[in-house]
Amino acid sequence: MRLSVSLLALAFGSLVAAAPNTKPRTCGSKPSMEFLAKSAEFAAKEASGELLNSLATIEVETYFHVVASGRTPSQGYLSDAMLANQLRVMNSDYGPHGIQFNLVRTTRTVNANWARDGDELGMKRALRQGGYNALNVYFLGDLGSLLGYCYFPTNASPGSTAFIRDGCVVVGQSVPGGNISNYNLGKTATHEVGHWFGGCFGSGDGVSDTPPQRSSTQGCPSSRDSCPGGGVDPIHNYMDYSYDVCMNQFTSGQRTRIYNMWNQYRARG
């Protein structure tokens with residue numbers, strides 16, 4: 001699912017020199033029909049108690065890839081401290097649900113074309129590491145009108161295009177210490193990794209304890225109820241599109257869905 005950010009989107013600029021951008025974000029792409037069918041199947045089984053996750057914890061082999069146009073922060077070259085803070089945010093957000101990200105390796109590449117997402121497949125062929133149970137996060141210097149995007153789990157054989165593309169692409173400016181006002185606390189990575197686990201947006205995720213929404217949340221309202229009768233909107237949920245400071249929760253149903261998706265698609269590697 002791609003996170004669009006320009007008018008309904010957020011233009012990328014310098015980590016240091018650019019003025020903070022405060023435009024809202026929204027999601028511009030849809031999960032595949034295969035994924036939606038599997039989600040509906042899981043929803044039915046979870047509701048009946050037929051399908052329950054069996055793992056107590058998930059440990060995720062994690063690789064960070066910094067892809068910049070040059071060797072300065074303004075060109076997307078993130079420091080070790082910024083990456084450490086991003087990992088800390090991810091573990092803080094997922095840790096209460098028994099999920100831990102173990103950083104195995106960080107790579108840094110200077111390639112102006114890759115840094116602006118000019119050759120996604122070529123970049124990932126060169127940089128991707130680990131099996132299908134390994135999370136690869138690519139921090140790019142310039143995503144144009146995008147804040148980030150990630151691929152939902154599927155039946156991907158090693159070496160296939162789906163296997164190579166797997167992972168999350170995040171604009172480097174969104175990590176803690178970046179300069180995007182309202183979106184620089186590292187929650188973009190948390191949100192995108194949610195898609196990697198199989199989490200979807202609350203308006204149609206099929207999870208029983210996430211109320212339906214007519215549209216994604218923008219900003220950080222005190223309360224919102226876009227679908228009267230279904231419960232107030234989950235504006236604090238990591239899979240919504242609120243400001244970073246507003247995001248602080250997954251539901252127990254989302255945890256169950258993440259574990260079931262993990263068992264289905266990623267646990268075997």
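Using the three backbone atoms N, Cα and C, a Cβ is placed for every residue, glycine included.
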According to Swiss-Prot, the disulfide-paired cysteine of Cys220 among Cys200, Cys227, Cys246: Cys246
Cys246 (disulfide bond) and Glu192 (active site), distance between Cα atoms, whole Å: 16
Cα distance (Å, whole number) from His191 (Zn(2+) binding site) to Cys220 (disulfide bond): 16
Cys246 (disulfide bond) versus recorded positions Asn179, His191, His195 - nearest by Cα: His191
Assigned conformation of Cys246 (disulfide bond) - DSSP reduced to three states: helix
Between Asn179 (N-linked glycosylation site) and His195 (Zn(2+) binding site): CA-CA distance (Å): 24
DSSP three-state assignment for Glu192 (active site): helix
